[in-house]
């Protein structure tokens, strides 16, 4: 159980409601979110935004940009709720910021599914020090 929690915390850099985000990713891709995406490429997991290695890595880049736009809620601490209806994620928050955070997580989960063909197991655990800085803005 402790190992599961540690892996969940690695998932996309401790941001967001980690449990909900992990469930979304699993529901959309069928992959273990922590081991498949927790340290993928240059943008998944802890650290700043870098030049994406592929479309899957770009999903994480865009996710970090989405979180950067949030106001009035804390993606690290705050939690939201969502439901899985007819194989679709439905964000169910009344709080506008929590709803937006849920939408950010929904978008990255769908992005991962849509880019499963670019997923490269060799990039699953990437040393971030070999990642290039990017001048691209969110």
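A Cβ is built for glycine as well, from the same backbone N, Cα and C atoms used for every other residue.
Going by Swiss-Prot, these are the annotated features:
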- 42-131: disulfide bond (DISULFID)
- 44-60: disulfide bond (DISULFID)
- 59-111: disulfide bond (DISULFID)
- 65-138: disulfide bond (DISULFID)
- 66-104: disulfide bond (DISULFID)
- 73-97: disulfide bond (DISULFID)
- 91-102: disulfide bond (DISULFID)
- 121-133: region 'Important for membrane-damaging activities in eukaryotes and bacteria' (REGION)
- 1-16: signal peptide (SIGNAL)
- 121: site 'Important residue of the cationic membrane-docking site (MDoS)' (SITE)
- 124: site 'Important residue of the cationic membrane-docking site (MDoS)' (SITE)
- 127: site 'Hydrophobic membrane-disruption site (MDiS)' (SITE)
- 128: site 'Cationic membrane-docking site (MDoS)' (SITE)
- 130: site 'Hydrophobic membrane-disruption site (MDiS)' (SITE)
- 133: site 'Cationic membrane-docking site (MDoS)' (SITE)
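Feature annotations (Swiss-Prot) mapped to structure.
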residue	record	Cβ neighbours (10 Å)
44	disulfide bond	31
59	disulfide bond	26
66	disulfide bond	19
97	disulfide bond	16
102	disulfide bond	25
104	disulfide bond	25
127	site 'Hydrophobic membrane-disruption site (MDiS)'	8
130	site 'Hydrophobic membrane-disruption site (MDiS)'	9
131	disulfide bond	19
138	disulfide bond	11
Cα-proximity to residue 42 (disulfide bond), 10 Å cut-off, over recorded sites 121, 127, 130: 127, 130
Cβ neighbour count (within 10 Å, all chains shown) around residue 65 (disulfide bond): 15
Among 42, 91, the one of these disulfide-bonded residues whose Cβ has the fewest neighbouring Cβ atoms within 10 Å: 91
Residue with minimal Cβ packing [other Cβ atoms within 10 Å] among the recorded sites 121, 124: 121
Densest Cβ neighbourhood among 128, 133 (recorded sites), 10 Å radius: 128
Inter-residue Cα distance where the pair is residue 127 (site 'Hydrophobic membrane-disruption site (MDiS)') and residue 60 (disulfide bond), in Å: 16
Spatial neighbours of residue 73 (disulfide bond) that are distant in sequence (at least 6 apart) but have CB under 8 A: 95, 97, 98, 100, 101
Largest tally of Cβ atoms lying within 10 Å of a Cβ, found at which of the disulfide-bonded residues 60, 111: 60
Listed recorded positions 44, 66, 111, 121, 128, 130, filtered to Cα within 10 Å of residue 138 (disulfide bond): 66
Recorded positions near residue 65 (disulfide bond) (Cα-Cα within 10 Å), from 91, 104, 121, 127: 104
Residue 59 (disulfide bond): secondary structure state under DSSP, collapsed to three categories: helix
Minimum Cα separation from residue 111 (disulfide bond), reported as the residue among recorded positions 102, 121, 133 that achieves it: 102
